[in-house]
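Enquirer: Below is one structure. I have some questions about it.
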Amino acid sequence: QKLAAAANSNYLILDKKTSYKDATTYNNFYEFGTDKADPAENADSLKTRPWTVTIEGEVKKSVTLDLDSLLKLAPLEERVYRLRCVEGWSMVIPWIGYSLSNLLKKVEPTGNARYVEFISLADKRQMPGVNSRVLQWPYTEGLRMDEAMHPLSLLALGMYGEVLPKQNGAPVRLVLPWKYGFKSAKSIVKIRLTKDQPRTSWNLSAPEEYGFYSNVNPEVDHPRWSQASERRIGEDGFLSRKRKTLMFNGYSEVASLYTGMDLRKFY
Amino acid sequence: MLTIKSLSPRQLFWCRVIVFVLALLPFLRLVYAVYQDALGANPLEFITRNTGDWALYFLCISLAITPLRKILEWHWLIRLRRMLGLYAFFYASLHFLTFLWFDHFFDLSDMWLDVVKRPFITVGFVAFVLLLPLALTSNQWMIRQLGGKQWQLLHRLVYLIAPLGVLHYFWMKAGKNLLLQPLLFAVLVGGLLGVRLYWRLQSRMKR
């Protein structure tokens with residue numbers, strides 16, 4: 001299903017886009033199984049309409065929005081972002097959506113709102129993977145308020161000129177291109193503004209491997225592999241070396257969010 | 001009733017041919033899939049995992065020969081063991097080569113950093129290095145050179161190699177809570193080594 005959006009020229013990059021086929025058949029979306037091919041095979045059962053997202057917590061106007069209201073909340077833009085997975089591979093994807101700040105401003109955060117928690121759908125009937133105990137369900141992610149308000153933080157409703165395919169986190173997800181992919185929660189049903197730092201699924205599962213921040217950082221290794229380089233899906237094959245990973249995945253404009261922080265400690 | 005407790009030389013020959021071809025199939029399938037570009041979005045990850053899996057399968061199959069001979073009394077199985085062990089080495093070599101080539105582009109110092117820094121790679125590397133002397137001595141000439149006793153002692157290294165291989169797999173998966181497959185391997189290798197220990201203790205008690 002087509003989704004019209006104007007290209008935002010601030011977020012055009014020269015990297016070659018990943019093929020639609022690779023981007024929709026090689027996914028980490030554990031609600032539909034742990035194998036990368038599972039989401040494409042199993043996500044058909046997800047019902048994306050009707051769908052609502054509730055925004056609550058430290059806000060003056062808590063709201064529940066349906067998909068059509070979300071689509072109309074702000075002008076849809078197409079942005080081409082690099083995506084770096086914590087596992088050491090990367091893609092380049094043309095997303096459709098708008099800055100998350102548009103949505104957050106609408107609910108008028110209170111002075112106590114310091115963090116944002118994102119909660120994904122966890123419905124056993126629609127999501128076979130939720131029966132397994134690989135992670136604590138529902139999948140929960142979080143950001144600091146200033147990270148969430150940064151213009152790069154994208155609330156995505158589509159990709160490649162279409163509405164989001166189910167295996168890619170339909171109907172609404174986050175895209176945070178300077179963080180490892182798992183920070184970008186998929187199939188979001190609730191957004192909660194909080195005073196305290198929220199617990200996040202991967203951090204609960206393996207705290208020494210997946211930090212709250214999880215910014216792309218070539219200098220901070222994952223305990224089981226180096227993060228200094230990555231393999232670009234569809235391009236870096238048998239004859240090319242892996243490419244060097246860039247600090248903040250090349251999005252240096254976010255660096256000021258972390259001035260004075262020891263990024264080895266806050267990984 | 002069909003008896004397969006003993007095979008004629010001709011039957012044994014064909015049996016070895018069949019096992020040789022069957023054991024080569026995973027490799028041929030991999031080559032074909034590379035040629036067809038059918039390994040999905042991340043072919044190198046697929047090759048790494050696939051060759052690692054088959055190295056472990058063949059280690060387990062080689063370790064199963066002795067218990068099977070004892071239980072089924074198919075003594076000719078021993079004539080397949082060398083080939084199966086060498087296949088374990090073959091797939092482990094492909095696994096190591098994938099790592100050395102595609103992860104490090106033959107940069108040995110870069111590879112070494114990975115080996116010493118990451119326990120799961122250290123363990124896998126040690127298991128592979130320990131396989132080398134076994135592969136090199138898997139011929140009649142080396143058995144004669146070493147003498148049967150020494151040779152057998154050397155080849156008991158596999159009792160260490162198999163658990164190291166399982167540990168390597170276990171650690172690789174550890175952070176993701178996906179432990180079913182490594183656990184199955186652990187149970188299998190544990191069983192194959194456990195039954196040996198049991199028989200040894202039993203024979204000692206009888207004495």
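Including glycine, each Cβ sits where the backbone N, Cα and C put it.
What TrEMBL records for B:51-165 is domain 'Ferric oxidoreductase'. The transmembrane segment annotation in TrEMBL covers B:12-34, B:54-72, B:84-102, B:122-141, B:153-172, B:178-199.
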Enquirer: Is the count of Cβ pairs under 8 Å between the transmembrane segment (B:54-72) and the transmembrane segment (B:122-141), pairs 6 or more apart in sequence, 3 or more?
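Expert: As far as Cβ distances go (cut-off 8 Å, pairs 6 or more apart), the transmembrane segment (B:54-72) and the transmembrane segment (B:122-141) do not touch.
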Enquirer: Quickly jot the same-chain residues contacting the transmembrane segment (B:153-172) by Cβ under 8 Å, restricted to those at least six beyond its ends, or write none.
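Expert: Result: 52, 55-56, 59-60, 62-63, 85, 92, 119-121, 123-124, 126-127, 130-131, 133-134, 137, 146, 179, 181-183, 185-186, 189, 192-193, 196.
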Enquirer: Grab the same-chain neighbours of the transmembrane segment (B:178-199) for me: Cβ-Cβ under 8 Å, and only residues 6 or more beyond its ends, written as numbers and ranges.
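Expert: Non-local partners: 56, 59-60, 63-64, 66-67, 70, 159, 162-163, 165-166, 169-170, 172.
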Enquirer: Using DSSP, what's the helix, strand and coil tally for the domain 'Ferric oxidoreductase' (B:51-165)?
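Expert: Going by DSSP assignments, the domain 'Ferric oxidoreductase' (B:51-165) contains 102 helix, 0 strand, 13 coil.
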